[in-house]
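Participant: One structure is given below, represented as structure tokens, and several questions about it will come after.
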């Protein structure tokens, strides 16, 4: 008998595509006693689970800072491929674009509300949850945001970054930790690798927005 009661269907939704794992966003754990000051500095995006919308695609470098009042903010630069509309030339247009974000504290030290916008008007803007799922501050960080919840508490539109302090990547033992965190977020095998080929390093020779 393959029929399911409403309760069974709800439980199945919470388990999602990760077997017996609870995929309700409220069940996800984050970094305990998160320290903004230790987190500040440069982070290189190594992998990304994409959301809906137009965001930076690769060569993503984020710079986090904390002011004298403890307010955290960030800037990010990366390559974006967009479509030309009224400009002659190839249909796809590669540009280096900047995004800016400011963070509002919540009762949990690792959970923020992030107001973000692109310097270019066509980039996404919004006010999303921004969670630091895990970090050792010196090597790696895993970030998560759910932009829209399903009725069962699972996420309908999420994004997540894996960051590294070293642009060359993460050591094998850290990669194992990161994979475990991805599974805990019910996002296993949903990330794509982020390339860093210096596309946005030479400002004089590139399209800059």
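Using N, Cα and C of the backbone, Cβ positions are placed for all residues, glycine too.
As annotated by TrEMBL, substrate binding site applies to 124. The annotation disulfide bond is assigned in TrEMBL to 23-186, 96-200, 146-155. The annotation domain 'Lipocalin/cytosolic fatty-acid binding' is assigned in TrEMBL to 40-173.
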Participant: Between the disulfide-bonded residues 23, 96, 186, 200, where is the Cβ count within 10 Å the lowest?
Facilitator: 96
Participant: Provide, as an integer number of angstrom, the distance between the C-alpha atoms of the residue listed as 'substrate binding site' and residue 146 (disulfide bond).
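Facilitator: Taking the Cα atoms only, the residue listed as 'substrate binding site' lies 15 Å from residue 146 (disulfide bond).
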Participant: On the DSSP side of things, how many residues of the domain 'Lipocalin/cytosolic fatty-acid binding' (40-173) fall into helix, strand and coil, could you say?
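Facilitator: Across the domain 'Lipocalin/cytosolic fatty-acid binding' (40-173), the residues distribute as 2 helix, 82 strand, 50 coil.
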Participant: Measure from the CA atom of residue 146 (disulfide bond) to the CA atom of residue 200 (disulfide bond) and give the result in Å, rounded to a whole number.
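Facilitator: Here the two Cα atoms are 28 Å apart.
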Participant: Rounded to a whole number, how many Å is the Cα of residue 23 (disulfide bond) away from the Cα of residue 155 (disulfide bond)?
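Facilitator: Between the alpha carbons of residue 23 (disulfide bond) and residue 155 (disulfide bond) there are 8 Å.
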Participant: Taking only same-chain residues 6+ apart in sequence, whose CB is under 8 Å from that of residue 155 (disulfide bond), what do you get?
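Facilitator: Set apart from residue 155 (disulfide bond) by at least 6 residues yet with Cβ under 8 Å, we have 23, 25, 146, 147, 148, 149, 186.
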Participant: Across all protein chains in the structure, which of the recorded positions 124, 146 has the highest Cβ count within 10 Å?
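Facilitator: Selected residue: 146.
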